[in-house]
Amino acid sequence: MPHEPSQNDQADSMATPLDPVVPAGGAERQEQDRPDDGEQQPGRGGLGGNVSGDSSSSSSSRSSTAHPKDVEAAVDHGSEPAGPPYSVFTVKQKRWIIFIGAASGWFSGASSFIYFPAIPFLASDLGVSVERINLTVTSYLVASGVFPTLLGNAADKYGRRPVFIAALGIYAAINVGLALQRSFAALITLRMFQSAAISGTFSIAFGAMGDVTIPADRGGYLGFMSIFINTGQSVAPMISGLLMARWKWDAIFWFLAVASSVVLSLVLLLLPETCRRIVGNGSIRPPRWINRALLPFLRPATTEQQQLLTSPTPSSPAPDPSSPPDPDSKPAAPESPPPPPPKAKRSRPNPFSGLAMLRNKGTAVVVVTYGFNYALYSCLQASLSTIFVDIYGVSGLVAGLSYIPFGVACIIASYLAGRLLDRDYRRTAATTVGGARTGEDIVAFPIERARLRTTKWIVACCAPLVVAYGWALQARVVSFTVSLWRTCFPLADTILLTVRKQALNALLVDFHPDRPSAIQATNNLFRCELAAGALALLDIMLRALGPGWCFVILAVLHSLSVAPLWLLEIYGLGWRTAKQAEQDEKAKGIESSESSGSSSDSEPDVALGSKVLVGSRSRQ
């Protein structure tokens with residue numbers, strides 16, 4: 001006779017659509033391993049009986065002798081621990097959420113690079129020098145280094161949707177003003193406001209990705225998102241050149257206004273709120289309308305989620321309404337209404353609250369290393385058009401089109417980075433004592449080793465390519481072979497540097513899953529300042545030393561970042577464990593002080609029934 005499915009079985013059946021995609025052949029293996037209808041599954045005590053000790057022991061013996069390949073396969077499937085899922089969004093919904101966030105973050109990098117080909121035309125039309133137009137670039141960089149910290153903190157506090165909507169709406173309006181302005185004062189002012197509005201969207205996109213992904217599959221989603229964000233720096237100059245070939249420079253800002261309005265409509269209609277402080281794993285209805293999507297296409301199935309989260313456990317089964325009442329049972333006391341939740345303290349977003357995260361040793365190492373990585377990447381990108389125009393005498397349009405190969409390299413690198421990060425995570429989990437940790441809790445998991453096991457070797461390959469690129473430019477030989485090598489060196493560097501950036505970004509989100517936007521904004525502050533300093537010295541070094549020795553120095557500085565990453569891989573888990581123990585001790589101290597205070601307050605109530613007890617305590 002087929003057994004009645006337990007409530008856990010029902011919860012598992014509802015949770016199945018929420019799991020990541022099972023690879024081909026997984027369904028057949030599940031059919032082979034599934035017991036007959038008449039068998040009771042071990043470890044799944046149904047309502048009709050208990051599990052015997054033999055079945056439990058055999059189940060434990062099978063789990064203890066699992067092969068590392070089986071563990072790796074389990075991680076590959078993206079399975080999560082028992083209980084409520086980390087995120088109730090399906091794989092398809094997660095991809096759409098990350099796509100909309102990445103489309104919003106695309107404008108952060110594109111707005112800076114799309115402006116470069118228009119600089120000489122702006123100087124001519126506004127009647128000012130190119131040096132004064134370059135001040136608008138400086139104002140943009142200053143704002144892009146500071147304002148993301150404010151937007152990231154606001155996104156962690158009020159939600160992703162409100163900040164996305166405000167940023168894109170203000171950004172579209174400012175682009176209309178930039179297209180209509182005809183004075184230098186208006187240009188430099190609006191460029192600063194343009195940067196303030198849009199420069200933080202990429203950090204919010206990283207926050208949305210961290211809300212819905214677990215470390216086991218975060219690398220793949222990160223690569224998917226980075227395909228859109230990283231291509232802005234290489235595709236935007238090409239778009240600028242094509243627009244100015246047909247229209248004037250104001251067409252650039254009209255394009256940004258229209259494109260951002262389209263993305264804003266996607267956010268308003270489809271993007272659900274993902275901030276875990278507001279919606280948890282996605283099953284909590286946002287209290288404010290601004291946090292709710294207008295169309296339900298990407299909303300999770302609320303009914304199934306509530307059944308999954310509120311279904312009773314086997315230890316406390318739900319009462320059967322058809323069974324007769326027990327005469328010996330006492331009537332249940334009426335339940336008192338739950339106390340109202342404490343009111344949250346209102347506080348203004350602090351743009352520098354993310355700096356406190358740098359007290360974490362691992363976070364500080366990653367942020368500083370990422371800054372050096374981004375500075376070298378920016379120098380490679382900035383030197384391309386300037387040096388190629390100097391050597392070959394190409395036009396501005398051709399110089400803009402020369403960034404197309406770098407856009408292709410960014411796409412390839414983003415895809416490879418996602419696959420590489422997930423593979424390294426599976427391999428680390430397969431060799432870790434205790435099995436695979438695929439949930440959100442990585443306190444005892446060596447996540448540093450999983451993210452850095454391949455990344456640290458990229459520097460060994462990247463530094464020689466940077467040196468070769470510099471000396472190839474130093475030769476100043478106009479030939480097909482040399483030109484091909486000049487293109488291949490920065491392309492290879494772009495792929496390697498992009499892969500390394502993705503690994504460090506994933507590690508930052510792993511360190512701070514509760515505040516991913518804030519830590520990405522803090523990382524942006526440091527990387528922008530280091531990149532600005534490197535770009536300010538780049539032209540001086542190129543003129544004084546030449547491209548050869550200039551890139552030798554950059555390669556040496558970049559190689560110095562290997563030692564901190566090596567230390568982080570070895571001692572990172574110990575640092576996190578010590579930090580967690582310190583926080584637990586502080587929490588225990590606070591709880592003990594509160595409990596002692598509550599017990600002292602309750603003593604007069606106990607003593608009211610006994611005067612002798614009061615007298616003895618007073619004499620003591």
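Backbone N, Cα and C define each Cβ position, glycine as well.
What TrEMBL lists as region 'Disordered' is 1-84 (among others).
The compositional bias 'Low complexity' annotation in TrEMBL covers 52-64 (among others).
Taking Cβ pairs closer than 8 Å, the transmembrane segment (96-121) reaches residues 89, 130, 133-134, 136-137, 140-141, 144, 160, 164, 167-168, 171, 191, 194-195, 198-206, 208-209, 212, 221, 224-237, 239-241, 244, 248-249, 252, 256, 259-260, 263, 266-267, 270-272, 274, 298, 385, 396-397, 399-400, 403 in its own chain, all 6 or more past its ends. Feature annotation from TrEMBL assigns transmembrane segment to 96-121 (among others).
TrEMBL lists 97-620 with the feature domain 'Major facilitator superfamily (MFS) profile'.
Sequence annotations record features per position, and here TrEMBL assigns transmembrane segment to 133-151 (among others).
Sequence annotations record features per position, and here TrEMBL assigns transmembrane segment to 163-180 (among others).
Under the heading transmembrane segment, TrEMBL lists 192-209 (among others).
Panel annotation: around the transmembrane segment (221-245), residues 94-95, 98-99, 101-103, 105-118, 121, 202, 205-206, 209, 213, 251-252, 255, 381, 385, 396-397, 399-401, 403-404, 406-407, 409-411, 413-419, 421, 498, 502, 505-506, 509 of the same chain, lying at least six beyond its termini, place a Cβ under 8 Å from a Cβ of the stretch. As annotated by TrEMBL, transmembrane segment applies to 221-245 (among others).
Same-chain residues lying 6 or more positions outside the transmembrane segment (251-271) and placing a CB less than 8 Å from one of its CB atoms are 96-97, 100-101, 103-104, 107, 110-111, 114-115, 118, 160-161, 164-165, 168-169, 171-173, 175-176, 178-179, 198, 239-240, 243-244, 293-295, 297-298. Summarising the annotation, TrEMBL assigns transmembrane segment to 251-271 (among others).
If you look up TrEMBL, you'll see 306-352 (among others) marked as region 'Disordered'.
For 364-388 (among others), the entry in TrEMBL reads transmembrane segment.
As annotated by TrEMBL, transmembrane segment applies to 394-417 (among others).
Sequence annotations record features per position, and here TrEMBL assigns transmembrane segment to 457-475 (among others).
Taken from TrEMBL, the feature transmembrane segment applies to 546-568 (among others).
According to TrEMBL, the feature region 'Disordered' maps to 584-620 (among others).
Taken from TrEMBL, the feature compositional bias 'Low complexity' applies to 592-601 (among others).
If you count C-beta pairs under 8 angstroms between the transmembrane segment (192-209) and each of 133-151, 163-180, 546-568, the highest count goes to 133-151. Per-residue confidence over the domain 'Major facilitator superfamily (MFS) profile' (97-620) averages 71 (mean pLDDT, predicted model).
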